Amino acid sequence: MVDRSGLQSMFAQDDEDIQVMKAGAMLRKVKSRSWKKQRHFRLQDDGQTIWYKSRWAGTGHSTFSVGDIEAVREGHQSEVLQSIAEEFPADLCFTLVFRGRRGNLDLVAESASDAQAWIRGIRKLVQNTESMDAKERLDQWIWDWFQKADKNKDGRMNFKEVRSLLKMMNVDMNEEYALRLFTRADKSESGCLEIEEFVQFYKMLTQREDVWNVFQNYSRDGQMLTLAELEEFLRQEQQKGEESQDHAHELIVRFEPSETGMDQCDGFQIYLVSSEGDIFDPQRLELHQDMSQPLSHYFICSSHNTYLMEDQLRGQSSQEAYIRALKRGCRCVEVDCWDGPNGEPVVYHGHTFTSKILFRDVITTLGEYAFKVSEFPVVLSLENHCSVEQQRVMAQLMDTILGDTLLRAPLNGLVPQVLPSPLDLKGKILLKAKKIGGLEESDTLNDEVTDEVTDEVSDEDEPKSPSAETLSAEDLGLGDKKSKLSRELSDLVVYCKSVHFYGFEYSCQHSKCYEMSSFSESKARKLAKEKGMEFVQHNSRHLSRVYPSGMRTDSSNYNPQELWNVGCQMVALNVQTAGLEMDLNDGLFHQNGCCGYVLKPDFMRNDSSFDPERPEEREGYKPLRLSIQVISGQQLPKLNQKEGSIVDPLVRVEIYGVSKDQAKQETSYIHNNGFNPLWNETLNFIIHVPELALVRFVVEDYDKASRNDFVGQFTVPFTCIQPGYRHIHLLSKDGTALPLSSLFVNIKISELTTETE
């Protein structure tokens with residue numbers, strides 16, 4: 001039964017802030033100092049949708065969901081609102097921060113009381129939405145559909161409205177069958193469905209025959225799973241082993257009112273769509289890895305040209321880009337510094353038309369947001385193009401703003417033989433840049449020294465060969481300039497000294513553990529292909545950073561998997577660009593508490609014999625068979641809003657890992673059914689290096705005349721997969737959740753023996 005009182009307003013009717021929002025208010029929508037337009041905003045009766053329009057827009061309007069909002073910032077907490085601070089005081093201003101890559105919404109109220117009502121009200125709504133359990137989310141979803149279908153807003157739904165609803169829900173249903181369901185739900189025989197009758201209609205519509213079949217295989221009476229039967233299901237299908245008995249009891253307590261067993265309609269199905277029934281092992285989501293290993297033993301979530309919101313030539317530079325990267329779990333962010341006016345260094349992509357922001361503002365943002373998501377260290381990768389004078393300003397700003405969070409000297413005053421661990425460096429910001437001399441040397445050098453490395457001005461301006469993908473040094477106007485370093489800036493570099501890479505043999509014999517190199521994607525790929533084993537060995541001792549080709553002016557990305565295969569830690573991506581590459585990155589770093597650090601496999605840390613091109617040669621080689629039965633899909637989003645347009649979904653499973661593991665297989669497509677497509681097709685894979693493999697599930701809308709359209713995806717590390725009957729909760733291209741959209745699969749993992757090959 002749907003709790004209407006909770007859904008229609010989400011809060012008691014006498015909540016003053018919610019009532020102010022429902023009554024509506026004129027708010028200024030601000031895009032820049034010159035673009036400030038008044039709009040009428042109000043909260044709709046469903047308590048979940050915010051509607052707004054211009055007084056001149058006629059019937060045109062816009063809406064967004066409370067569920068799309070991640071946070072509300074109060075006052076001048078955006079660059080846009082800071083730019084109009086003299087015109088509008090802070091107590092009138094607030095910013096709505098949306099999930100994913102959607103831009104923020106900056107607003108100015110007409111009074112401080114209005115601003116406070118909207119700030120408090122939206123925060124209450126967001127908190128309430130985030131605290132919903134699975135049943136409450138389903139109730140909310142049902143209520144939303146009822147509201148959409150009830151065109152004349154009389155609180156009832158006739159059959160014409162039902163037919164329109166089915167199209168909106170991505171269902172192509174025979175009209176005679178739809179009328180039969182409608183009539184069965186219409187208990188009052190009024191020719192219309194009220195909300196409780198609509199709930200019955202929805203339940204009939206969403207009956208899960210696929211789940212029913214699984215339930216029937218283990219329930220003797222077909223109505224209830226006893227504790228013993230549920231235990232047997234967990235042992236046989238979900239691979240829970242010895243913990244099955246305790247786990248069965250826990251599940252019944254959590255998902256079923258009865259203490260004796262689990263009902264099919266509610267308990268069993270709710271369990272399967274919960275985090276317990278998710279493909280991603282919930283224990284792997286928590287911080288569970290050993291964080292006391294040297295930094296070089298971890299993959300580190302890394303961002304390239306972090307300041308950019310868009311492309312590399314004309315895109316906007318913004319503090320917001322750093323906030324987004326850090327909130328995604330990035331632990332390595334990049335700053336490109338150039339001389340600015342009035343002695344203030346600026347950050348932008350040099351020799352382009354990207355906008356400029358102050359270095360001071362970037363460091364302030366870093367200081368505020370560095371450890372909101374993860375307590376483990378942040379590496380600030382500095383591309384230094386500044387004069388010695390402005391380098392001193394940079395050093396002073398970092399020292400003053402970052403305070404004790406900035407690491408200034410080796411831990412315990414000792415020169416390390418191996419890098420310290422993330423645990424040792426919790427809450428610290430490490431500067432990655434060039435350094436005068438090493439940690440072993442005394443500090444008696446002059447204030448201004450010419451760095452001995454004269455063939456590069458910064459990490460990403462390496463000497464180029466004729467076949468290089470990036471622009472030449474001449475094209476960039478760099479020539480043979482030497483880079484001069486200020487002593488103040490150099491002294492802030494401790495464990496991440498940038499050095500030129502002269503080869504693996506030279507590195508092995510001469511490089512210190514705190515010295516690290518950066519590689520263009522093409523150079524790193526070449527080394528990975530030709531000298532994979534040596535690259536793995538190098539990366540067990542030293543940090544490596546890889547960055548995108550300079551030709552990627554559209555901020556596109558390269559496949560990071562190839563570089564993870566050889567143990568590169570900082571595989572820097574343009575995190576502002578959605579797509580396959582960021583799906584892989586998000587999938588890898590979703591584990592271990594989303595802390596931005598993932599421990600590399602043991603054979604990449606301690607074994608010198610691993611070569612990703614010849615995985616069968618490593619000690620302990622045990623390939624696995626991965627069998628995925630793609631059973632069904634649920635409530636896939638509608639891509640084309642035209643009436644009558646319904647998706648023809650197919651599922652493709654993609655494996656990313658070492659070369660031998662790269663594979664793709666897909667199901668057939670289901671014609672005109674995005675609501676509950678049924679495939680029952682099995683896809684089989686051989687995984688040679690499970691510890692490095694990522695499994696990506698992609699749903700597409702089949703189109704025989706053109707390229708298939710993307711519907712949703714989910715990427716999971718192979719080692720985090722829960723075998724058995726599992727749901728995969730799909731994400732949008734932007735990486736945000738698609739409410740109630742999922743795949744139902746049965747996963748089996750087994751050792752590959754001679755008999756099974």
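Just so it is clear, glycine is given a Cβ too, placed from its N, Cα and C backbone atoms.
Database features (TrEMBL):
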BINDING   Asn305, Glu334, Asp336, Glu383  Ca(2+) 3 binding site
BINDING   Lys432, Lys434, Ser518, Arg545  substrate binding site
COMPBIAS  444-462  compositional bias 'Acidic residues'
DOMAIN    19-127  domain 'PH'
DOMAIN    137-172  domain 'EF-hand'
DOMAIN    173-208  domain 'EF-hand'
DOMAIN    489-605  domain 'PI-PLC Y-box'
DOMAIN    604-732  domain 'C2'
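Of all Cβ atoms in the shown protein chains, 23 besides its own fall within 10 Å of the Cβ of Asp336 (Ca(2+) 3 binding site).
With all protein chains in the displayed structure included, the most crowded Cβ environment within 10 Å among the binding-site residues Lys432, Lys434 is that of Lys432. Listed in sequence order, the residues of the same chain lying 6 or more apart from Asn305 (Ca(2+) 3 binding site) and placing their CB within less than 8 Å of its CB are Gln312, Glu334, Asp336, His349, Ser555, Asn574. Highest Cβ count within 10 Å among the binding-site residues Glu334, Glu383: Glu334. Listed by sequence, the residues of this chain that lie at least six past the ends of the domain 'EF-hand' (173-208) yet keep a Cβ under 8 A from its Cβ atoms are 1-2, 4, 142-143, 145-146, 149, 155-159, 162-163, 166, 269, 632, 634, 675-676. Across the fold, the C-alpha of Arg545 (substrate binding site) and the C-alpha of Glu383 (Ca(2+) 3 binding site) stand 13 Å from each other. Put simply, Glu383 (Ca(2+) 3 binding site) is 11 Å from Ser518 (substrate binding site) when counted between their Cα atoms. In the predicted structure, the domain 'PH' (19-127) carries a mean pLDDT of 92. Counting every protein chain shown, 27 other Cβ atoms lie within 10 Å of the Cβ of Arg545 (substrate binding site). Within 10 Å of the C-beta atom of Ser518 (substrate binding site) sit 25 other C-beta atoms, taking all shown protein chains into account. Cα to Cα, Glu383 (Ca(2+) 3 binding site) and Lys434 (substrate binding site) are separated by 9 Å.
Shown for the domain 'EF-hand' (173-208): DSSP residue counts in helix, strand and coil, namely 22 helix, 2 strand, 12 coil. Secondary structure of the domain 'C2' (604-732) per DSSP (helix as H, G, I; strand as E, B; remaining residues coil): 14 helix, 60 strand, 55 coil.
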